[in-house]
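Written out below as structure tokens is the structure these notes cover.
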Amino acid sequence: MENGYITNEDIKNVDIEGPGLDTGDPGRGKIEIEIKIKIDKKDEELAQFIKEVKKEMENDNKAEKGDQAEKNGNGEEGNDEEDPFDTKKFKHLWIMCENCYLSNFKQFIKEKFNICERCDFHLQMDSSDRIEFMIDPGTWDPLDEDMVATDPIEFYSEGESYEDRIDYYQIEKGLTEAVQTGIGQLNGITLAIGIMDFQFIGGSMGSAVGEKITRLVEYATNQSLPLIIVCSSGGARMQEGTFSLMQMGKISCALYHYKLKKKVFYVSILASPTTGGVTASFGMSGDMVIAEPNAYIAFAGKRVIEETLHVTVPEGSQEAEFSFEKGSFDPIVPRNLLKRALGDLLKFHGFPTLTSNF
């Protein structure tokens, strides 16, 4: 047997049992052949997948039974019949491509950097996954993890306070704010890096986000480290009013000092979406500005422009490929090649590698 397939040698070794060959004589019994071939399961990945799906099904069933018991205890009528075709319970295992609408299994697509298997469309990636694939294992040292937003204007909307909204996302996403900052190594080169997370209140920039990025830039300035910021944001956070707009100037001033006084190297990476105050400040201020394929890059969004100016925004005019043709930034780099491209850029600019593995 080779690679799970039956070979001619396997067939030769099979015992054939029966009274004889069928010659058409009614007195002779027909041959009965019993082939007993045992095929070992060699696809460990598939076996692991089946195991995890079964485990998820068991957990979902337990949760459903618990909810049903709670409803019955409250006097609510329950439905004991289960729909065998109900796929909602497995929805959390899959992620749908925004471009071709293919459902990608989350475990597999994570290994492919959240790039659609069918059309190569770059789906959103959270900050923790980006740290995992960009930073060398065991070198990540976070900064200002405990810094959280306040409620300077006591914002309240749709029956929910701003503080409650922050608490919800902190519990739901396991983050304190919409950006993670820290020090790490990329292909053995030490650098300062900030990664925004669109899944935390749309990656919006409030006072805490602005302060974390400013401190990161100042740390990189003091230590003469290269700086990388991955942008993925809807812009300034409206719940903090003008306090969020102040962050644009604060970060820009820190970057000006970083580039003018130290003359180190700042790379800005524009992921989808990058809009608003982030685009207008540090997003486009890099010595090298890199965009991911298909990224939505703009200052004002399409809906805002059309509703305010009553004009139609041309299709695709706010995509990375269109902006690249107009010279808005430097290269477009696929996510699976990004770490290598960044490593080559840093080496080209003379930053030393601390290990001999790269």
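Heads up, residue numbers simply count up from 1 along the chain you see.
Each residue, glycine too, has its Cβ placed from N, Cα and C.
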**Study point:** Feature zinc finger in TrEMBL, mapped to one of the ranges 97-119, 235-257, 258-280
**Key:** 97-119
Check your understanding: What are the DSSP helix/strand/coil residue counts across the zinc finger (97-119)?
Key -> 6 helix, 4 strand, 13 coil
